[in-house]
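Since the structure comes first, as structure tokens, the remarks are kept for the end.
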Amino acid sequence: MSETAPVAPAAPAPAEKTPVKKKAKKSGVAAGKRKASGPPVSELITKAVAASKERSGVSLAALKKALAAAGYDVEKNNSRIKLGLKSLVSKGTLVQTKGTGASGSFKLNKKAATGEAKPKGKKAGAAKPKKAAGAAKKPKKSTGAATPKKAAKKTPKKVKKPAAAAGTKKVAKSPKKAKAAKPKKPTKSPAKAKAPKPKAAKPKAAKPKATKAKKAVSKKK
């Protein structure tokens with residue numbers, strides 16, 4: 001019995017540790033949401049400087065007043081404001097007209113503002129070639145239609161074969177002419193055979209004389 005008693009309190013100990021981890025995760029997520037909810041300091045500074053109408057630029061004190069009016073905690077984020085000003089000056093978005101570092105007056109760089117606006121137009125122009133590329137893809141479908149044309153060109157080759165057969169027919173006709181030339185020689189021989197026929201006709205002429213002699217004999221009787 002004494003051995004089973006100390007085991008019971010050891011079981012709830014891990015159950016107490018698990019909710020602590022969950023709370024830590026929830027608190028970390030909440031802190032991340034709080035940081036992500038507000039805009040960055042650099043954007044607030046640029047908006048405040050752009051809203052001012054002072055030609056000489058906005059001083060650090062005037063900038064802090066503008067940020068405080070926008071609901072930004074200037075006292076807690078004083079170091080962030082100074083770092084944001086230095087980074088904006090180094091990037092070229094702000095121009096420091098007076099002073100050095102974070103102290104002094106700051107003015108919005110118009111060239112940088114126009115330079116930022118131009119790349120947006122370039123991006124829009126770059127989007128148009130994509131549409132043109134899509135239109136260029138459409139003619140690829142017509143290439144599929146062009147393949148039947150190649151097949152149509154191949155079909156006349158079959159028609160050329162009968163032409164070759166016609167050539168063979170012409171060659172076959174030429175021997176016929178040669179055969180027709182051979183019978184011309186035998187035609188001369190019948191002409192020679194006709195020549196003796198008139199000679200044989202002379203004895204036939206003598207037959208009537210015999211008939212006349214027979215008639216004369218009959219008269220004498």
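Backbone N, Cα and C define each Cβ position, glycine as well.
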> From Ser42, Ser79, Ser105, pick the one Swiss-Prot annotates as phosphoserine?
Replying inline: Ser105
>> Using only C-alpha positions, which one of Lys65, Lys86, Lys91, Lys107 is spatially nearest Arg55 (citrulline)? These are the modified residues in the record.
In response: Lys107
> Could you give the Cα-Cα distance between Lys91 (N6-(beta-hydroxybutyryl)lysine) and Lys65 (N6-(beta-hydroxybutyryl)lysine), in whole Å?
Replying inline: 24
>> Given a 10 Å Cβ-Cβ cut-off, pick out the one of the modified residues Lys53, Lys65 that has the most other Cβ atoms nearby.
In response: Lys65
